[in-house]
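Step one of this worksheet: look at the structure below.
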Number of protein chains: 2
Amino acid sequence: MLPLLVVHGGAGHIPSDRVQDSVLGVCAAVRAGYSFLTAGGSSVDAVVEAVANMEDNPRFNAGRGSVLTARGDVEMDALVMDGRDLSSGAVSAVKNIANPVQLARLVMDKTSHACLTAGGAAEFARQMGVQEVSTESLITDYSRARWKKNLDPGAKPVECQMGKMGTVGAVAVDAEGNIACATSTGGMLNKMEGRVGDTPCIGSGGYADNSVGAVSTTGHGEAIMKVVLARLILFHMEQGKSVEEASDLGLSHMRTRVGVWAGSSPWTPKGPGPHASRPIRWPGPLHVTKRCTGAFIKESITLNL
Amino acid sequence: MLPLLVVHGGAGHIPSDRVQDSVLGVCAAVRAGYSFLTAGGSSVDAVVEAVANMEDNPRFNAGRGSVLTARGDVEMDALVMDGRDLSSGAVSAVKNIANPVQLARLVMDKTSHACLTAGGAAEFARQMGVQEVSTESLITDYSRARWKKNLDPGAKPVECQMGKMGTVGAVAVDAEGNIACATSTGGMLNKMEGRVGDTPCIGSGGYADNSVGAVSTTGHGEAIMKVVLARLILFHMEQGKSVEEASDLGLSHMRTRVGVWAGSSPWTPKGPGPHASRPIRWPGPLHVTKRCTGAFIKESITLNL
């Protein structure tokens, strides 16, 4: 059943007029990432490619299309993790680059650190020759309209955000059985300048370990961080739970202890295939619910997408 | 046995000429925090006070006395977590403030977010009326000398750092049985600008949950992050392991999977008292090893310190 790639386009209710583009977006992303896997690329190559594809797609809250900060700026977070040796790279509150997930990978590959933030991350990007892009090029009419709507003192950005556009992520296993995950986001609507959410926080925004599996999360970042959701789900898998049981246990704990739901896309080499917990489900190779768009791909179903 | 407070002054070998000041430092910190507990203060009050006390003490790598970045600047990280409802606050890469742990607490108490970084955190500090201090006031002769030594191309900052001065942290339980943790650091010697380590990363630098216990970690941040160490230890405690077993399991996993040791100070309301894993041990109310300085305090032994 290898190689395999799962992508998600974020949690929450998708407005009906945006469903089709979301479906096309996750299909394009999963195809882009899978082409690396079939060409002998690694799982890290695949998740970075799939997530970068969604960063380039203005329909998702990552890269171009990111939600705006309270001041109308774009600050993005991203994470990538290699399940072979648990190495990871992350960036937080980065501006003026098109693909934060690629910069996160450079942090993993080219530094002795696991996370760079804000100005230091920007300086590193310049050293690596990453092209600078204008803030305007990352902003869409849709993101600006939502930002304006949420400047109202009575606005509820968290409730407004849920489902309209979400964090994107991917988990993959390559032909050699190596596992990786990547997650990227513009964060929360109208967030404070400098807000860092779950995405670049290892164990919350994602986690990958060859000996267990991988998870990429999406939802209300501050709630996901309270339970360190990705690592929590993998703990349960380590204890012998199935992917489904582990995912449900993690999310149930989150609802009980924090009162908020989230989504996750865990995968394990021991299990039957990818699983997305309530409220995100992919019962087939590609499935869209009112709450999420996601896709998974493996050799036998490549032609379906 | 309540209330109780445990503090640590960082992992690693302490040079003999610095042992006495480290001992005095953790004693002063534990007394400062404990005075809040005996006056009816919360565990959050106590850990913030104890950690702020060590930030003010130039003998520790947090606040004044922080190690310097590659460029010779001071960038600090801090975390606080309230075990009652899993709420937390963190700051990363903050400059020009004396007490990052107090700013982390303001993030927890006054915003809807869990972490603010760099310039956004500085802006929030100004809004909260936090006094700005000069970079020079945070730098000691010792930290500058170590920085210069590690500018040499052949220098090994990670090896050099281990034990000379470490991240500081505290865990506490108050008279009502509520648990909290706090951790603060200047990070790694000669780190890149914008480097974020384990300290502000929830689950890595610390974790507190009333229903399980609390942990504050110290050691090589990038290695701690790979295993999400604080949450890992508490997960084993949730599975029924003793504090000692859970801590040893977490650290053994880290050594096996990552090849690096770290220290932690977990505590659980179910167990007999505080425990510090290899290579940090506090077999008595105050104990100093070649690898760490730490102290714990509770009613029966207050007068010993």
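One is the number of the first residue shown, and numbering goes on along the chain from there.
Including glycine, each Cβ sits where the backbone N, Cα and C put it.
The feature active site, nucleophile is assigned by TrEMBL to B:T167. Per TrEMBL, substrate binding site is recorded for B:R195, B:V196, B:G197, B:D198, B:T218, B:G219, B:H220, B:G221.
Taking the C-alpha positions, the distance from B:G197 (substrate binding site) to B:T167 (active site, nucleophile) comes to 11 Å.
Closeness to chain A is evaluated for the recorded positions B:T167, B:V196, B:H220 by Cβ distance, with values under 8 Å counted; counted residues in sequence order are B:V196. The separation of the residue listed as 'active site, nucleophile' from B:D198 (substrate binding site), Cα to Cα, is 10 Å.
In the three-state DSSP scheme, B:G219 (substrate binding site) is classed as strand. If you draw a 10 Å sphere around the CB of B:R195 (substrate binding site), it holds 28 other CB atoms from the protein chains shown. B:R195 (substrate binding site) falls within a strand when secondary structure is assigned with DSSP. Around the Cβ of B:T167 (active site, nucleophile), a 10 Å sphere holds 33 further Cβ atoms from the protein chains shown.
Other Cβ atoms within 10 Å of the Cβ of B:G197 (substrate binding site) number 27 in total over all chains.
Considering only the binding-site residues B:R195, B:V196, B:G219, the residues lying within 10 A of the residue listed as 'active site, nucleophile' on a C-alpha to C-alpha basis are B:G219. Within 10 Å of the C-beta of B:H220 (substrate binding site) we count 23 further C-beta atoms, all protein chains included.
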